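Let me begin by presenting the structure, written as structure tokens, before commenting on it.
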Amino acid sequence: MPRAPRCRAVRALLRASYRQVLPLAAFVRRLRPQGHRLVRRGDPAAFRALVAQCLVCVPWDAQPPPAAPSFRQVSCLKELVARVVQRLCERGARNVLAFGFTLLAGARGGPPVAFTTSVRSYLPNTVTDTLRGSGAWGLLLHRVGDDVLTHLLSRCALYLLVPPTCAYQVCGPPLYDLRAAAAAARRPTRQVGGTRAGFGLPRPASSNGGHGEAEGLLEARAQGARRRRSSARGRLPPAKRPRRGLEPGRDLEGQVARSPPRVVTPTRDAAEAKSRKGDVPGPCRLFPGGERGVGSASWRLSPSEGEPGAGACAETKRFLYCSGGGEQLRRSFLLCSLPPSLAGARTLVETIFLDSKPGPPGAPRRPRRLPARYWQMRPLFRKLLGNHARSPYGALLRAHCPLPASAPRAGPDHQKCPGVGGCPSERPAAAPEGEANSGRLVQLLRQHSSPWQVYGLLRACLRRLVPAGLWGSRHNERRFLRNVKKLLSLGKHGRLSQQELTWKMKVQDCAWLRASPGARCVPAAEHRQREAVLGRFLHWLMGAYVVELLRSFFYVTETTFQKNRLFFFRKRIWSQLQRLGVRQHLDRVRLRELSEAEVRQHQEARPALLTSRLRFVPKPGGLRPIVNVGCVEGAPAPPRDKKVQHLSSRVKTLFAVLNYERARRPGLLGASVLGMDDIHRAWRAFVLPLRARGPAPPLYFVKVDVVGAYDALPQDKLAEVIANVLQPQENTYCVRHCAMVRTARGRMRKSFKRHVSTFSDFQPYLRQLVEHLQAMGSLRDAVVIEQSCSLNEPGSSLFNLFLHLVRSHVIRIGGRSYIQCQGIPQGSILSTLLCSFCYGDMENKLFPGVQQDGVLLRLVDDFLLVTPHLTRARDFLRTLVRGVPEYGCQVNLRKTVVNFPVEPGALGGAAPLQLPAHCLFPWCGLLLDTRTLEVHGDHSSYARTSIRASLTFTQGFKPGRNMRRKLLAVLQLKCHGLFLDLQVNSLQTVFTNVYKIFLLQAYRFHACVLQLPFSQPVRSSPAFFLQVIADTASRGYALLKARNAGASLGARGAAGLFPSEAAQWLCLHAFLLKLARHRVTYSRLLGALRTARARLHRQLPGPTRAALEAAADPALTADFKTILD
């Protein structure tokens, strides 16, 4: 029998997801009688390969195999497979074998599939078709019989390995639906950058991959628990409370508190008990629910619907982009709908603590007995409701976030409505109608409220709302207000966890949490119950009340110039900004307003129409319109509506087909580059032959930016270009929907892709497709699951869908609907590709020979021409500056840059920015040396911005581990081959690029440290942070070697072009430059870093030291001095 492929990553992934993973022969050996051989002499090679490559995976909830299987074949293979498919469809089970099959729906379903009575096929399933027509599977049925093969197909999951590294699923629940076992997260991960322990920095004394002890210290502070070592084996002493920290013998990946529910079996319990000696038994929870003495399970503590998960108390995305509604609380808000009485207080208590949803006013309610703990809370919460009814929210808003005297008067939408929380009208001066110039916009943009003003408003509202008895002490009140301040300082993707909210809150100060009066010894279970009740109250206060205040009084948004930092505009200010922005947008883009009859017609249209909503993002000189695509006209719930899902699926199919044509005929895109990889390939292909020909001639650079590229594309011309791409009357496509599952950093990662082909290159069998993708280098260490396969996707149908999307695009602005008559929506996944196709067609027609001896690149709408011919450079510039109306191309002269003189009057009086002949030429975040053609990174975009606002990492239960992961993931993105390629760049340039990458990484490191929860000081676990710095250097050097594969960079004794010691020195020097500015924070790190740098300095040869010191010249990093962190 042939040897089974290793496929180690795939086998590890399957072992983490199933109870048992066995080779097919081993599984059958357990069931077969003595002397029964599965593989015999003379068997076909296909059958031997099937047995060697097939893995049997037993799910955790699988039924046991037949007790005494007969090993007798009764049915043919097609009949058995059909019978299994019918049973799966009748059970409604999700099984890869039954994908594409469903039960007949009356007489309209057509004839049933052969050997079935009520199953029809609505999509091809190539895996099932291959199985039931395979001679090898037929021989397997003959050897094992009906009982065993039926059990394998219906109760187990079968995978076929495809060498060298992949596999595909044959049957069983799809792998992407399974949740990996808790052991998968605890599986140790390989250290980055090889097995090096760092560069002489002290390592934590831990067995968890080098940084477990520090992580444990970070965890211990988060939990308020002390960690003790009871023996050399690291066992934990008995604890009263469930521990939530890192357990001895576990990797940093172990997230016990979030391990999924699992089916407990004796086999699994024994295996886990054997592998985790010394662990605290059972999963630990933060706030174990359940009220002792309450007889009904309906009163259990559980997260209420619509709230964030247990790990997130408040997320900034919940109060972003909330326009309209006036500066008042919604009438439907819970506090506004309840009277300040004991009955209202009871409803409030039930909603906050017992997951009860208040019904509509006046609706009869069935009274339920309230537990004693919650019954005695009613007077306090009645007082809270009374405080809310008496709170002058309008006066508080005016006092803490005042409007300037010149602010415009609010329109009718902002008049105070009857009810609690309204904001009375103020008396700002009215703005003249029709004033929409940029000066007015800039004036309004400066009138945002600072986070400190917003915090003052929230603090005043909370102090008026919450009675002192609910806080219990001033300490608890100050802790909560500190978290409110932190919520306002988070970025666009920030979140505040439940653990941060309850940290350092004193439960014993809150007398209202007690189930009965009296001071006596509090059992551990009772204390945990009080923690849970207090946590629910704080969760509601922050996640409902504070968030509602922000949603009601402010429009919160990010900007284009401050990354993810949030800005707070009062609703009255933003309404004026939005009106000016809409007026400018209507002047710039051709929109036709729809009548009410046309709106109803579009809502009932088939196929469904995409509807976009327009919002604006502030930029330095005005507002940038952003179109959010994804809604369907008339759909009640966009994410779940079937019309939305169907249309979204069709759009993704069109996107996959356009990408297929782009890859098959790259000339259609002209000079388009779709990312850094494309830029690297094109620039390398231009630079290396040019240098090989001898001394490079003077080169002329032209950078041109197009104004409003997406909004200016003529729809008729775009339709002509896409018709040439799709050739709808000729092409028919085959689209295969596949899921790819792999492991990355110890976690299961899944992606869903569409593989497009035509009949000329179609791979009929999934095995062939997996082999093809591996040969192309686009698939590795993954399991492929085929979801569906469409063999007849007409090009005409896809072209009609494209016309439908472009010419029937509805935009909602305010309460009105418009049809876009020119351009395409920017928020669609198709936008970039459509723009690239259109401009590619323009380049092929207008500039067919411009790339001779030069290169033309275009990233969407940013052109770059490099040519040794001055005449061609001037002709190219002149053509684009005059504009190309046929393609809607109009140049923004303020962003046009050249490095040669432009004759006066040659461009009609306009003059672009002229740089010296030899300079660092800027283009799309790059700095190109106009003489040597070397590439540097352009970091000017970081000027006067906060790294902390732009870098967000999910802190969770393991903030240190997540910080390290985030930093290394960002480092991998920034270490691109374009900057590290030693064939394109000189060694000195690579030294400089590496140093700047490490210096920016040091800024990110500091930003992450500032974001660590629970006020974690660096001095508490310096070994962990030193290891993060060591990992940064080793990962950076590993990426450098990967970007220069085949080159010899270093040797023993710090010899070679770029030894690892040089990368370590650059990393240490960059971190010391940044961390030394914060001596108090990093006092425990600076000494070790300086010692390690000095040791490396002695090891490096003199020429290398001189080159490194030149790369670290402070003059080269002047841009970093303006970063705000």
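Quick reminder: no glycine exception, Cβ is built from N, Cα and C everywhere.
Values in this document were obtained by computation on a predicted structure and should not be read as measured data.
Matching Asp705, Asp711, Asp1031 to the Mg(2+) binding residues that Swiss-Prot gives (Asp861, Asp862) identifies Asp705. According to Swiss-Prot, the feature region 'CP motif' maps to residues 385-405, out of the candidate ranges 385-405, 553-573, 616-636, 763-783. When the ranges 652-666, 832-846, 907-921 are checked against Swiss-Prot, the one recorded as region 'Required for oligomerization' is 907-921. Looking up the ranges 683-687, 798-802, 923-927 in Swiss-Prot, the one annotated as region 'Primer grip sequence' turns out to be 923-927.
A strand conformation is recorded for Asp705 (Mg(2+) binding site) in the three-state DSSP classification. Around Asp861 (Mg(2+) binding site), a 10 Å sphere centred on its CB holds 20 further CB atoms from the protein chains shown. There are 18 other Cβ atoms within 10 Å of the Cβ belonging to Val860 (site 'Required for nucleotide incorporation and primer extension rate').
When Cβ atoms from all protein chains are considered, those within 10 Å of Asp862 (Mg(2+) binding site) total 16, not counting its own. Secondary structure from DSSP puts Val860 (site 'Required for nucleotide incorporation and primer extension rate') in coil. Taken residue by residue with DSSP, Tyr700 (phosphotyrosine) is part of a strand. Looking only at the recorded positions Ser450, Val860, Asp861, Asp862, the one with its C-alpha closest to Tyr700 (phosphotyrosine) is Asp862.
Close to Asp705 (Mg(2+) binding site) in the fold, though at least 6 residues off in sequence, lie Asp861, Asp862, Phe863, Val891, Asn892, Lys895, Thr896, each with a CB less than 8 Å from its CB.
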